[in-house]
Structure formats: structure tokens, C-alpha cells
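Structure provided below as C-alpha cells; questions to follow.
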Amino acid sequence: FFGHPEVYVLILPAFGVISHICRGVSNSPSLFGYYGMIFAMMSIVTLGSIVWGHHMFMIGFDTYTTAFFSAVTMIIGVPTGIKVFSWLFMLGACGPRYTKVQIWWVCFFISLFTVGGVTGIVLACSVVDNYLHDTWFVVAHFHYVLSLGSYSSVVISTIWWWPYVTGFTLNTYLTQGHFIASCVGFNICFFPMHFLGLNGLPRRVCSYDCSFYILHCISGVGAMISIHTGFFLLFIIWEGIANGHTIIHIWDDDTSIVGSMPTNPTSHHSDHVGDVTVYDGDNLISFNTPGLQQFFLDACYFVGYHF
């Protein structure tokens with residue numbers, strides 16, 4: 001019962017990050033499909049709490065219970081599809097901004113999440129799961145959905161909000177190289193696991209048949225590349241701080257509260273509190289909330305000043 005809701009607790013923040021950045025790069029004052037995105041989020045939360053049985057198809061469920069868990073698991077693909085197509089629509093409005101590495105990461109996240117979701121639909125079929133249960137195919141599935149999705153959202157949010165927090169930007173060419181290395185390493189590491197699982201290799205074993213050796217070696221090379229990309233990201237952050245790349249303008253995002261912040265954060269840089277613009281689904285409403293916004297600004301300034 002704990003396992004599957006815990007997975008969605010980890011991936012839901014990534015959904016929020018992707019939605020925010022897609023709205024930012026499209027320079028839109030509102031999120032496309034506002035009500036649909038809310039419906040999708042609430043549906044994922046609700047359905048994610050009642051699909052835990054699909055992890056236990058092998059324990060001997062009766063036919064009706066198996067059919068219920070299998071059907072509900074497949075239905076989860078509907079709200080996630082709403083979110084994916086809404087993200088793609090907003091990305092379609094980016095225009096020449098496709099050269100930005102943030103959009104590369106968003107497209108990478110959507111691609112990996114879609115691949116992982118499709119393999120999840122495969123595992124939702126109880127008949128197929130009887131064969132693939134507890135194999136490396138399952139490992140590949142949840143790594144594509146959860147591990148790569150969550151890690152990608154962390155990298156995207158770091159690159160996107162780093163200038164707001166520190167006042168410095170990251171080297172464009174280094175971040176592009178990091179993306180390419182990560183894309184190659186992740187897929188080399190996890191994609192061969194699908195074939196290992198389809199050939200019946202169980203997970204959680206320390207020894208295996210020699211016929212699986214080549215795919216294991218390929219996966220190991222991808223794992224080493226992925227590990228080094230993590231250190232490479234730390235180097236990029238250090239390089240940005242050490243060289244002090246000053247910001248001129250941030251991502252063309254002027255339609256949000258964060259986008260209206262000054263790009264040189266210092267302690268109490270400005271005592272002016274602007275209007276907060278909120279989209280209620282139909283209209284843009286502007287109102288002044290000095291307490292909340294000043295607290296947010298002070299927190300960002302404090303982090304940037306003492307970094």
C-alpha cells in the first residue's frame with residue numbers, strides 16, 4: 001500500500017517544475033489547460049492511492065480483484081496524458097527558444113516519462129505481469145519514470161532558478177555538454193534493462209547466465225557515464241560561481257512573480273513590494289500581498305547573499 005503512493009509523492013513535484021518552466025519558456029501569462037492540469041493532478045493523487053495491488057498480481061488475487069487493479073492502473077494513463085499534451089502545447093509556443101538547454105531538459109523529461117509510462121501500461125496487464133514480475137523490465141520501468149524523471153526535474157530546476165538565487169548564470173556550453181552526456185549515459189544504462197527483463201533475468205541477483213554479460217557491460221558503462229555527469233554538474237555550478245557570470249536577463253520570463261525579481265539579489269535590495277498576478281482559470285487577478293511576497297523575496301535574498 002505504501003509503495004505506489006510514495007512513487008507519486010516523489011514525481012508530483014517534478015510535474016510542478018515542468019509545468020512552471022513550460023509556462024515560462026512559452027512566455028504565457030497562464031498555464032495552458034489550467035482546469036485540465038488540476039483535474040489531472042488530483043486524479044493522479046487519487047488513483048495512485050488505490051493501485052497498490054498491481055505490485056502483487058502473483059500472490060493469487062481472484063479474477064475480479066486482478067481486473068480492478070489492472071484497469072485502474074491503465075486509467076492512470078489518462079490524466080498523465082493530459083499533462084503531457086499540455087506541456088507539449090506550451091513547448092510548441094517557444095519558437096526560437098529551442099536553443100535553450102532548459103527546453104532540452106524538458107523535452108528529455110517528457111520523452112523519458114512517456115517511455116516509462118508506456119512500459120507501465122504493459123506491466124498493468126496482469127497476464128503479461130505474470131511473466132515480467134520481479135524482472136529487470138520492472139527495474140527499467142520505474143527508473144525511466146521515477147529516477148530519471150526526478151533527477152531531470154532537479155537538474156532543470158537548478159539551471160532555471162540558479163540565476164534567481166545566486167545572481168550568477170551557468171556556462172551555456174557546459175550545460176549543453178552536460179545534457180548530451182546525461183542523455184547518452186541514462187539511456188545506455190537503463191534501456192538495455194528492458195531486454196534483460198524480457199529474456200527473464202530476475203532482479204536482486206548477484207550472479208547470472210553468461211548470455212546476459214554483454215548487456216550488463218553496456219548498462220555498466222552507462223551507469224559510469226551517469227555518475228560522472230553528476231560530478232560534472234557540480235563542476236558547472238562551481239565554475240559559474242568562481243567566474244561570476246553576471247546576468248543580463250533571465251529566460252524571457254516576465255509574467256510570473258519570480259520573473260519580476262531583480263537579477264542581482266542582495267540583502268534587502270529593494271523595499272518595494274509589487275502586485276501579485278494570479279490566474280484563476282478565466283481572468284488575471286492582480287492584488288498586493290506584502291507579507292507573503294516580502295517573505296519570499298527576503299528568503300531568496302538571504303540565500304543568494306550568504307551562498
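For all residues, glycine too, the Cβ spot is worked out from N, Cα and C.
What you are looking at is a predicted structure, and each value in this text was computed from that prediction instead of being measured.
Dumping what TrEMBL says about this protein:
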{"type": "DOMAIN", "residues": "1-247", "note": "domain 'Cytochrome oxidase subunit I profile'"}
{"type": "TRANSMEM", "residues": "7-26", "note": "transmembrane segment"}
{"type": "TRANSMEM", "residues": "32-52", "note": "transmembrane segment"}
{"type": "TRANSMEM", "residues": "64-90", "note": "transmembrane segment"}
{"type": "TRANSMEM", "residues": "102-124", "note": "transmembrane segment"}
{"type": "TRANSMEM", "residues": "136-159", "note": "transmembrane segment"}
{"type": "TRANSMEM", "residues": "179-201", "note": "transmembrane segment"}
{"type": "TRANSMEM", "residues": "213-238", "note": "transmembrane segment"}
Of the listed stretches (32-52, 136-159, 179-201, 213-238), which one yields the highest count of Cβ-Cβ distances below 8 Å with the transmembrane segment (7-26)?
136-159
Restricting attention to the domain 'Cytochrome oxidase subunit I profile' (1-247), give the mean pLDDT.
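Across the domain 'Cytochrome oxidase subunit I profile' (1-247), the average pLDDT comes out at 83.
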Residues of the same chain, at least six outside the transmembrane segment (102-124), with any C-beta under 8 angstroms of its C-beta?
14, 18, 21-22, 25, 54, 70, 73-74, 77, 80, 84, 87-88, 91, 94, 132, 137-138, 140-146, 148-149, 152-153, 155-156, 159-160, 176, 179, 182-183, 186, 194, 251
Same chain only, please: residues at least 6 beyond the ends of the transmembrane segment (64-90) with a C-beta under 8 Å from a C-beta of the stretch. Say none if there are none.
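That would be 15, 18-19, 22-23, 25-26, 28, 31-33, 36-37, 39-41, 43-44, 47-48, 50-54, 57, 106, 110, 113-114, 117, 120-121, 124-126.
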